[in-house]
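Heads up, the thing below is written out as C-alpha cells.
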Amino acid sequence: MSSPIYVALDTPDLERARAIATRVRHHVGGIKLGLEFFAANGRSGVREMAELGLPIFLDLKLHDIPNTVAKAIMALRPLEPAILTVHASGGRAMLEDAKAAAPQGTKVVAVTMLTSLDDSDLAATGVAGSAHDQVIRLAELAKASGIDGIVCSGNEVAAAKKIWPKGFFVVPGVRPANGELADQKRTTTPRQALDAGASILVVGRPITQAEDPDHAARAIEATL
Ligand SMILES: O=c1ccn([C@@H]2O[C@H](COP(=O)(O)O)[C@@H](O)[C@H]2O)c(=O)[nH]1
C-alpha cells in the first residue's frame, strides 16, 4: 500500500523540488505542488515533476466566481492532477462548477479553514463560532455540492468524517512530536491525524527543511 504522506514542495526552484522528490520518493505517496511552485514554473513545471511517476496534488486553492474557477480548471485539465484544491468559502455553485470542470480522475477537495488560523483569527474575519464549527459547516456545504472531500486540520477530521463517512480528508499542519510549528496553529502529529480518519497527510517543512529529507520522511513514515 502506498504511503499516505504527500510531500509539499514549497519552492520556486524546479531543480530543488526535483532533487527533494527524488530523494524521498520511496517514502511518500505523492507530491504536492502549491502556489509558490506554480507561480514560478507553471504547467510545464508540473509536467516535469509528473515525470517522476508519483501522483500530483495541485494545491492552487482556487477561489473566485464560479465561471472563473471553472475556466481555470479547464486550463489545468491536461495536467490531470490526482488532487486539486478550491476554497469551500467560494460557495456551492463554485464548488459544483469546479467538480464539473475537473477531469474524471481528479479529486476536487475544498479547503475549509486554513490550518494557520485559529479561533481568534476566525473571529477577526467576523465569523462567529469556533474553528471546529466553521470546518463542519463548510464540510456540510462541500458534501452537498458533490465534490470529493475537504482539507482540514487533524483536530476536526473525526467530526467531519462522522457527517461524511465517504469523504476524502486531506490533513496538512501535521508535525512530528515536538516539531517546529512555524506558522501553523491547528496541528496534530501524523499518527493522530491518521487515527482520526485522514485520507492523506500533507507534510512540507518537516521533510523539505530537514538536513536529510529522506531520513525525515522515513522517520515520519515509521510512526504511522
Ligand atoms: O489549511 C491548509 C491548507 C494547505 N496547507 C498547505 O500544506 C503545506 C503545509 O506545509 P508545512 O511546511 O508542513 O507547514 C503547505 O504547502 C500549505 O500551503 C496548509 O498548510 N494548511
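Quick reminder: no glycine exception, Cβ is built from N, Cα and C everywhere.
Under the heading domain 'Orotidine 5'-phosphate decarboxylase', TrEMBL lists 4-220. Per TrEMBL, the feature substrate binding site maps to D10, K32, 59-68, T115, R175, Q184, 204-205. Positions annotated as active site, for OMPdecase activity by TrEMBL: D59, K61, D64. TrEMBL lists K61 with the feature active site, proton donor.
Local packing around the Cβ, expressed as the count of other Cβ atoms within 10 angstroms, is greatest for D59 among the recorded positions D10, D59, D64. The two recorded residues, P66 (substrate binding site) and D59 (active site, for OMPdecase activity), show a Cα separation of 18 Å. Long-range Cβ contacts of H63 (substrate binding site) within its own chain (separation 6+, distance under 8 Å): V69, V86, H87, S89, G90, M94. Spacing of D10 (substrate binding site) relative to D64 (active site, for OMPdecase activity) is 23 Å (Cα to Cα, whole number).
The Cβ of K61 (active site, for OMPdecase activity) has G34, L35, T85, V86, H87, V111 as same-chain neighbours under 8 Å, each 6 or more residues away in sequence.
Proximity of the recorded positions (K61, D64, P66, T115) to ligand 1: a Cβ under 6 Å from the molecule is found for T115. Annotation for T115 (substrate binding site): same-chain Cβ neighbours under 8 Å, separated by at least 6 residues, are C152, S153, P172, G173, Q184, K185, R186, T187. Between the CA atoms of D59 (active site, for OMPdecase activity) and G204 (substrate binding site) there is a gap of 13 Å. Cα-Cα distance from D64 (active site, for OMPdecase activity) to G204 (substrate binding site): 26 Å (rounded to the nearest whole number). Proximity of G204 (substrate binding site) to non-local residues of its own chain (separation of 6 or more, Cβ distance below 8 Å) is seen for V7, A8, L9, D10, K32, P172, given in sequence order. The C-beta environment of L60 (substrate binding site), restricted to residues of the same chain at least 6 apart in sequence and closer than 8 Å, consists of G34, L35, F38, A72, L76, L84, T85.
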